[in-house]
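Q: The structure follows.
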Amino acid sequence: MFLHTIKQRDIFTLIIIFFVEITMGILGNGFIALVNIVDWIKRRRISSVDKILTTLALTRLIYAWSMLIFILLFILGPHLIMRSEILTSMGVIWVVNNHFSIWLATCLGVFYFLKIANFSNSLFLYLKWRVKKVVLMIIVVSLIFLILNIFSLEIYDHFSIDVYEGNMSYSLGDSTHFPRIFLFANSSKVFLITNSSQVFLPINSLFMLIPFTVSLVAFFMLIFSLWKHHKKMEVNAKGPRDASTTAHIKALQTGLSFLLLYAIYLLFIVIGILSHKFMGGKLILIFDHICAIVFPISHSFVLILGNSKLRRSTLSVLRFLRCRSKHIHIMDP
């Protein structure tokens with residue numbers, strides 16, 4: 001076990017950063033969900049892409065609110081987060097929301113790939129014609145990994161931590177493999193408890209790498225499809241920026257942004273687990289916590305910029321706010 005004392009000033013700064021990130025996450029994902037739901041009510045129908053985007057936004061919205069509740073509990077009642085049921089509940093909420101956040105984003109990439117790419121392969125055409133069923137099947141199969149993930153975490157929790165109710169301390173066994181990182185208060189000091197588990201790391205990495213691999217394959221297949229389409233356009237002596245090419249490029253931009261953010265996220269998960277063994281510094285761990293929230297927030301804003309309807313709605317809101325501010329400025333004596 002590694003125990004690092006962190007100054008109250010550092011914790012205050014960390015909490016402020018978390019609050020800013022969570023606020024941005026609530027605004028961004030709330031905006032995506034609100035725009036799509038309002039459009040759904042008006043049109044009495046919703047596209048498959050909007051279904052995925054709305055579900056993804058609601059999932060990340062729940063995650064942001066759960067993190068906000070956890071921070072408020074940490075500030076207002078630090079003794080509450082020492083209760084085993086609170087820790088277990090927060091852990092399960094984080095795992096479930098993180099799982100659906102990543103897998104729904106993966107489904108979005110697969111959906112774009114099947115709808116936009118052009119291949120004459122019979123298997124691809126079979127999947128392309130049944131893209132909705134493919135996305136649904138991906139979600140169903142991912143539930144198996146979710147159950148295994150939660151089951152593995154519960155096993156490690158039972159063997160790694162014994163929380164003494166009413167006493168703000170942990171009793172950890174000699175062979176502890178505690179896979180999570182928690183903050184808790186004790187008098188005027190705050191400690192960060194963590195343990196690098198060489199057994200947990202490959203298991204957790206496996207669960208995270210599966211959707212990443214699926215997204216990566218879809219991304220490279222989309223690049224290959226664009227290359228084939230570009231060659232075909234050259235043979236036919238047509239302009240390179242037809243509708244299909246534009247659709248390919250937009251999908252690739254969205255996919256590349258997701259993969260880069262996802263790769264950075266995975267990188268800091270590994271660094272956060274291994275940092276004590278090689279560096280023993282608290283800054284890497286704090287940055288790891290921040291990156292865990294930055295990934296879904298950043299990707300949500302990427303989705304807003306990459307979706308024409310969401311982008312138009314954003315510009316409309318910004319124009320309204322600017323006109324509103326000018327009106328208030330004129331009315332102000």
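Easy rule for this one: first residue shown is 1, then count along the chain.
Placed from the backbone N, Cα and C atoms, the Cβ positions cover glycine too.
If you look up Swiss-Prot, you'll see Asn167, Asn186, Asn195 marked as N-linked glycosylation site. As annotated by Swiss-Prot, topological domain 'Extracellular' applies to 1-14, 82-90, 156-205, 275-283. What Swiss-Prot lists as topological domain 'Cytoplasmic' is 36-60, 112-134, 227-253, 305-333. Per Swiss-Prot, transmembrane segment is recorded for 15-35, 61-81, 91-111, 135-155, 206-226, 254-274, 284-304.
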Q: May I ask you to check whether the transmembrane segment (206-226) and the transmembrane segment (61-81) make contact, with contact taken as at least three Cβ pairs under 8 Å and only pairs 6 or more apart in sequence counted?
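A: When sequence-distant Cβ pairs are counted, the transmembrane segment (61-81) does not touch the transmembrane segment (206-226), since fewer than 3 lie under 8 Å.
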Q: Which listed stretch (15-35, 61-81, 135-155) has the most C-beta pairs under 8 A with the transmembrane segment (91-111)?
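A: Result: 135-155.
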Q: Let me spell it out: take the transmembrane segment (15-35), skip the flanking residues so only those 6+ beyond its ends count, and list any with a Cβ under 8 Å from a Cβ in it.
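A: Contacts of the transmembrane segment (15-35) (Cβ under 8 Å, skipping residues fewer than 6 from its ends): 53-54, 56-58, 60-61, 63-65, 67-68, 71, 74-75, 289-290, 293-294, 296-297, 300-301, 303-304, 309-310, 313-314, 317.
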Q: Six or more residues beyond either end and a Cβ under 8 Å away: which residues meet both conditions relative to the topological domain 'Cytoplasmic' (36-60)?
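A: Tertiary neighbours of the topological domain 'Cytoplasmic' (36-60) are 25, 29-30, 97, 100-101, 104-105, 107-108, 111, 131-132, 135, 296-297, 300, 303, 307, 309-310.
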